[in-house]
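Swiss-Prot annotations:
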BINDING   Cys1064, Cys1067, Cys1082, Cys1085  Zn(2+) binding site
Amino acid sequence: MASRGPTVVDVTPDDLWLVMEAYWKEKGLVRQHLDSYNAFIDHGMQEVIDEFGGVKPDIPDFEVKFGKVRLGEPEFQEAQGQRKPLYPMDARIRNLTYSAPIYLELIPVVNGVSQEAVEVRIGELPIMLKSKACRLYGLSDEELIKLGEDPKDPGGYFIVNGSERVIVSIEDLAPNKTLVERDERQNRIIAKCFSYRHGYRALITVERRKDGILYVKLPNVPRPVKFVYVMRALGLLSDREIVEAVSDDPRIQHVLFDNLEDASDVTTQEEALDYIGKLSLPGQPKEYRLRRAQNIIDNNLLPHMGVEEKDRKAKAYYLGMMALRVLELSLGLRGEDDKDHYANKRLKLAGDLLMDLFRVAFGQLVKDMQYQMTKTYQRKGERYTFENIQRFVRNSIRPDVLSERIEHALATGSWPGGRTGVSQLLDRTNYISTLSHLRRVTSPLSREQPHFEARDLHGTHWGRICPTETPEGPNCGLVKNLALMSQITTGVPEEEVREYLERLGVVPIEERRPNPDLWRLYLNGVLVGTVEDGEGFVNRIRTDRRSGKISDIINVALYQDEDVKEIYVNSDDGRVRRPLIIVENGRPKLTREHVEAIKNGSLTWSDLVKMGVIEYLDAEEEENALVATWPWEVTEEHTHLELMPAAILGIPASLVPYPEHNARPRNTYGAGMAKQSLGLGWANFRIRVDTRGHLMHYPQVPLVNSRIMKAVGFEERPAGQNFVVAVLSYAGYNMEDAIIMNKASIERGLARSTFFRTYEAEEKRYLGGQTDRFEIPDPTIQGYLGERYYRHLDEDGIIFPESKVNGKDVLVGRTSPPRFLEEQSGLGGIILQERRETSLTVRPSETGVVDKVIITETGDGTKLVKVTTRDLRIPEFGDKFASRHGQKGVIGLIVPQEDMPWTESGIVPDLIVNPHGIPSRMTVGQLIEAIGGKVASLKGRRVDGTAFIGEPEEKLRKELEELGFKHSGREVMYDGITGRRLEADVFVGVIYYQRLHHMVADKMHARSRGPVQVLTKQPTEGRAREGGLRFGEMERDVLIGHGAAMLLIERLLEESDKTEVWVCENCGHIALEDKRRGKVYCPVCGEEERISKVEMSYAFKLLLDELKAMGIRPSLKLVDRV
């Protein structure tokens, strides 16, 4: 361990905190999605269009080339045809998609001559809120408020059909990078590479089997091919060329001799190609086989290296590098690669995923254009086509092809390639849950398999991925969240970096082969050349980056051991990086002057990066760094200094005060429940029309806070209240995590909230000119509910605001045309139509007051009504509460204030929790928070409980003593019922408690009678469908065990699906009853006399019917009851 040198500490943790605040002020909290989306609209769309180049219809000497693409401003087309500007709140209220038109320049080419270009709208692209293309971009708080937006809303999501949807980042293995590992079960060593080009992903593996022979697995080839065959197919014919393509190291070459000997039967390129062709197309003529093999090695083998014939040599060298790594691992010259190391991971953000989607959607549009052009040419002939070529091109485009494909994927989350759940409905429970959802990272691994290593916390997650915030259950460790200071790269063009490296003196791989004395240089996973002085080369790159000569996106790492010397330069997108302060000669480059300049606003975060004071490191480069945790720990050996250890946490985990004093799982539960707490989630709740939402009436800022709360905006949008809490067992009503609440506190408004629910109804149009109508239905109409359900409606069929409604009350009266056109002839031959009752009603289990009614139009011009109801939620038995330390519980008793215990100073607690919940869970942080909250309330100041740098416990205890209380937080208490002093002192403090959205009012359910299923005639399932309670197999077994036969009959027959069936005593078949003629007969044997009525479960009758459908004849044998 490095010795601590006599370091002069210029900066304190408070100074570093100012620097971190400068980062959030400039970058925001969802910058990763915004940067990615902006990169997509700036150059990603153009790249995809350039990949296609143009469209070649089946018309002689005619093609259309694609030019520049541009994105318009968000707008929408009214039903009447005019296009109007569109703002996000309009899109939410009117169920529109917040999108902008895409315009593409099309250049017709006739006989090789380019004609006048025409710009055409090719479709609509959903716009990410607060991105460059959004109408909210760069607006002040006042302007946002005028547009109905919450100024604290971070953006980073889309609005599709009125719903807010977020694209969740996907974590994947780095493309185009080789990883080697041992397969112990099959005794193989494998090098894998996921080669990625233009949306196509191909897995190439090189493996060494136990006999020492190397094989290559190629896409679309069923069996592995010998490595030497593939090298010959790529054009390396002599043994010397193949050996040199791998390595100059004699140890490696010696192992390769066996491979060359084993493959000596194939010596020419044609033989090697034919061998691959035979595997891929057995039984086909040689000409086809050769063409197929050439297609495989050009297009499917390592496509990222190129798809032309001239790229084959580069591919051979890449395969040689893969073989070299396999052989080095087999000889013990290198270790296995760790695929969970974050240097080997890349995140696919909104921009990358939209690019994949846009590529597929645009491909469909190009195919459709080709079809439309060819069809028009064939139908209308050459004269029409070339008379007005611009008109011909414009008419061949159907913008809906592109728009609908993109919109459907965003609305459902189903992405090309079979991925599901890519876009999700944005979580709006509270402000923190929204931020957390926008910073979520999900892994594509299967939830069913253990994947222990993938779920584990890895050392390289430090400062990049939150160690605390992950769900419980099957997603544990696979769904993660970004840490506070994570930054994700957007990428630099590789050609620029390659040119820069060549200027620094890199010898290309084609000119000099690697040997043990040279440093191998990899650019984004591809071996590009060799360097003689590795350390000097790496230092030069770092110096140029810090001085601003090259992009700060570039990272470089150097790995050296006895046998392998490698340099990795990374400039690709999707790398998770974190900022660190540079340390030179044992002194941090951040000085007091910098801090003062940040304080007075003359210096920004970006300035510090440009000045070379701070730099971003990816997980690869951090392997070369020695990072000091605190300024006073910096020594000569250190290369960097942490900005703040608390920044390793994510946003919800940062809200937990004193997390370092809790058991790790408790912080995970605390972070999870912070996302379920009620508060002021958004300031524009009066005009929002979310399907459901909660609002706490009097949210408070925590007395024991974390500095990060202010930085992320939690203090403006809090979710919780400060409760006076006593830790006391009280008559057993708070055992098993239950809590006891003070009735008077509840009556004064403690933890009171309102629940909002929005219902919507639309006047739909049907084929044949039929429409829905908003009106008070006529009593004669089919399905009329009864007069009392329509009592609140106005004459237009829409309810009055502030009407009190109960379950099944009608909010919007509506009638619809018949589902099937059963036209009935009325008097005098006039056709009458029987309309149906399809009114919008309140959910059966809910009550409330109509809060607002919005009447508007959809994009199709149909009338749309949205009705929001509100319901006052006063804490009651069974409502769930939780502290920020994962201590959750439900209300077990509500006690009048006069019966509650009180302290010597007359304080009556709001909440009593059981002491048994503390020792086994080790939530010491909650106890320190209680003492801190007590100090804060007595002194009228906030207490800092930030992770690792919070106010020390000793200081808080000392302050309590100065205030005249015991330093332990315990107090003498008196029983509210007897008035006697309690024997033990009771721990009393102030703790920030959160009310969670799990409430009894939303879950309580019972039924006596109600709807049944059509098929089984058994009660429906679930509260929403007024379902019954399931009496399952285990419950049945209990009653059988007790011998309670009558109770069994009651539960399983009388209360469920009892039915009476006529059964023929002669043949045992179910008989038929002809009610019109008043007789019962057996359809099988014709029996009319010996037929009896039998009680049975309808499910049993259904079983009999299904057996008959299978061709099995069940027969019931009847005997008389005794």
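Just so you know, glycine gets a Cβ as well, placed from its N, Cα and C.
The least crowded of the binding-site residues Cys1064, Cys1067, Cys1082, judged by other CB atoms within 10 A of its own CB, is Cys1067. Excluding the listed site residues Cys1064, Cys1067, Cys1082, Cys1085, the same chain places Glu1065, Asn1066, Gly1068, His1069, Ala1071, Pro1083, Val1084, Gly1086, Glu1087, Ile1091 with Cβ atoms within 8 Å of the centre of the Zn(2+) site Cβ atoms. All chains included, 14 other C-beta atoms sit within 10 angstroms of the C-beta of Cys1085 (Zn(2+) binding site). According to its DSSP assignment, Cys1064 (Zn(2+) binding site) is in a strand. According to DSSP, Cys1085 (Zn(2+) binding site) is assigned to coil rather than to any helix or strand.
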